[in-house]
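Read through the structure below, which is laid out as structure tokens, and then see the notes.
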Amino acid sequence: MEEEIVDGKVDWRGRRAVRHKHGGMKVSLLVLGAFAFENMATLSLAVNLVSYFTGIMHYELADAANMVTNYAGVSYMLSIVVAVLADTLIGRYKSVIFSGSIECLGLVLLTIQAHNRSLKPAICNLYDKNAVCEKIKGNHEAFLLVGLYLLAFGSAGLKASLPPHGADQFDERNPKEARQMSSFFNGLLLALCVGGSVSLTFNVWIQDSKGWDWGFGVSTIAIVCATVTFAFGLPLYRIQVAQRTNSLIEILQVYVVAIRNRNLPLPADSEELYEIEQDKEAAIEIEFLPHRDIFRFLDKAAIERKPDDAQSEKQAIPNPWKLCRVTQVENAKIILSVIPIFCCTIIMTLCLAQLQTFSVQQGFTMKTRIAKHFNIPPASLPIIPVAFLLILIPFYDQICVPLLRKLTGIPTGVTHLQRIGVGLVLSSISMAIAAIIEGKRKNVARDNNMLDAIPGVQPLPFSIFWLSFQYFVFGIADMFTYVGLLEFFYSEAPKGLKATSTCFLWCSMAIGYFLSSIMVQLVNRATKNITASGGWLAGNNINRNHLNLFYLLLSLLSLVNFFVYLVVSKRYKYRPQSPAVQGVVSQ
């Protein structure tokens with residue numbers, strides 16, 4: 001039987017990849033396993049670091065919340081840098097190995113600091129009004145930040161490189177593998193839930209019961225397992241060769257040349273626009289896209305000027321800063337088209353940031369006993385939607401998608417943009433639920449004269465289970481929007497920007513986290529003189545804050561954002577695809 005070569009992919013020795021020998025669904029399981037271990041290491045930190053910063057390092061609540069969101073924002077922003085390096089220089093495989101090593105180093109430093117008493121402030125009761133708790137500072141704070149941001153950089157690299165490397169194991173032009181790739185993106189969220197379920201239960205229990213040195217140590221072991229699991233598949237992977245040419249620069253060239261040619265008239269026939277001869281370059285892996293009548297001003301970048309020595313110039317290779325190919329222009333159009341979709345997803349992460357910070361602090365004030373002999377740590381609350389998603393994701397992928405596929409004719413059941421929209425409206429509903437529950441929690445505190453109760457010591461007669469509703473709805477929103485965004489960006493991206501494209505999601509999340517920090521400060525300043533607490537979110541006493549109003553504000557903003565998204569998504573035109581995947585993205 002003749003071996004079937006996969007175009008554009010090689011094995012670890014640089015030989016052309018063979019379809020039934022390299023890549024495929026079974027090999028992608030190693031990527032999913034590594035992704036599960038990475039989330040096992042980091043998810044508990046995302047929801048519990050506020051407690052570490054306030055209880056151990058003695059930061060104020062708002063400062064601790066901002067530190068967590070800034071850490072998350074920097075991590076997601078750095079993913080863009082790593083993705084560009086992976087696309088153009090080192091490749092995705094090496095990027096994963098390098099990033100895993102950096103993340104491991106950061107966790108080792110945090111473990112050392114958590115274990116060594118001389119590197120952190122003296123033990124102090126932060127809720128004792130008469131106590132003077134010294135906040136970490138100087139070299140010790142620098143040590144904390146170095147470890148924290150090494151962790152952020154490593155985590156950024158894994159998030160940037162693992163999803164596109166996993167998607168590289170499938171051929172979009174093959175109908176069967178195109179469907180498998182959609183299942184792989186659903187599997188990414190399932191892997192996150194598997195790793196997250198361990199992180200939100202076992203890791204959080206270790207952090208709260210055995211100490212943060214043990215907690216960071218367990219996360220370190222998980223990252224080592226992630227890196228080793230991923231490295232084990234080297235002989236089986238389809239590897240996308242680094243492009244060596246920077247596709248971001250090529251897109252920038254389009255804008256530069258379009259501005260340079262702004263006074264030139266557009267040709268009536270798009271066939272007059274510059275493109276290399278496809279037949280001449282048949283032996284070279286070069287992407288070709290047809291011309292589309294959108295953002296016509298960018299077409300000016302492909303207008304050939306007619307100098308006197310036109311014949312000699314036609315034979316020479318044109319300067320890319322003076323003349324661009326039609327395909328290059330079309331890729332620039334795609335990126336420009338994606339930006340409004342990208343902007344509409346930012347506010348969802350702003351909402352997520354509150355569930356990872358303030359909602360956990362709400363839990364510390366509430367009754368944590370759920371069963372007769374079982375207490376749930378507040379940081380473990382996200383396990384409720386995670387556990388639900390462990391059932392819902394396989395149900396959605398194996399039952400709902402095939403049924404929807406029969407109804408719509410789309411291999412993924414619904415379009416990427418429809419899936420994203422469902423998640424956006426659910427995030428608004430989640431924040432509305434959060435506002436109602438917080439209002440009810442504050443009423444319980446007021447009715448029982450417990451506005452100044454010490455969190456964790458004097459719990460309110462109000463079950464922590466009530467918080468599960470907002471987590472539950474937001475968990476479903478996650479499944480629709482974040483997975484839909486990953487698949488949407490990967491499918492729409494130019495060939496040379498596959499890894500970078502998945503970072504549009506992480507970049508959206510980064511901006512959302514940064515906006516969360518800014519919004520907390522702005523809200524506190526705006527409400528400083530109209531509230532007794534000195535601002536809706538000021539101070540460490542969450543019972544006297546106005547978190548319910550903040551949640552309501554986010555719900556209204558999310559709803560407005562959803563209506564804007566409806567307009568933007570309706571106008572979006574999907575990029576041309578090969579026949580095998582045309583149905584995946586047709587609207």
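Cβ atoms are placed via backbone N, Cα and C, with glycine included.
Feature annotations, reproduced from TrEMBL:
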TRANSMEM  29-53  transmembrane segment
TRANSMEM  73-90  transmembrane segment
TRANSMEM  183-202  transmembrane segment
TRANSMEM  214-237  transmembrane segment
TRANSMEM  334-356  transmembrane segment
TRANSMEM  376-396  transmembrane segment
TRANSMEM  417-437  transmembrane segment
TRANSMEM  469-490  transmembrane segment
TRANSMEM  502-523  transmembrane segment
TRANSMEM  549-568  transmembrane segment
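Here the transmembrane segment (502-523) has long-range neighbours at 62, 65-66, 69-70, 72-77, 79-80, 83, 156, 159-160, 163-164, 167, 338, 342, 345-350, 352-354, 357, 482, 485-486, 489-490, 535-537, 550, 553, meaning same-chain residues at least 6 beyond its ends whose C-beta is under 8 angstroms from one of its own. No contact links the transmembrane segment (214-237) to the transmembrane segment (417-437), because fewer than 3 Cβ pairs that are 6 or more residues apart lie under 8 A. Taking Cβ pairs closer than 8 Å, the transmembrane segment (417-437) reaches residues 341, 344-345, 347-348, 351-352, 354-355, 359, 466-467, 469-471, 473-474, 476-485, 488, 548-549, 551-552, 554-555, 558-559, 561-562, 565-566, 569, 572, 587 in its own chain, all 6 or more past its ends. For the transmembrane segment (376-396), the residues of the chain that approach it from at least six positions outside its boundaries are 43-44, 47-48, 51, 186-187, 189-190, 193-194, 196-197, 200-201, 204-205, 207-208, 355, 359-364, 366, 368, 370, 464, 467-468, 471-476, 478-479, judged by C-beta separation under 8 angstroms. Of the candidate ranges 29-53, 73-90, 334-356, 334-356 has the most C-beta pairs within less than 8 angstroms of the transmembrane segment (469-490).
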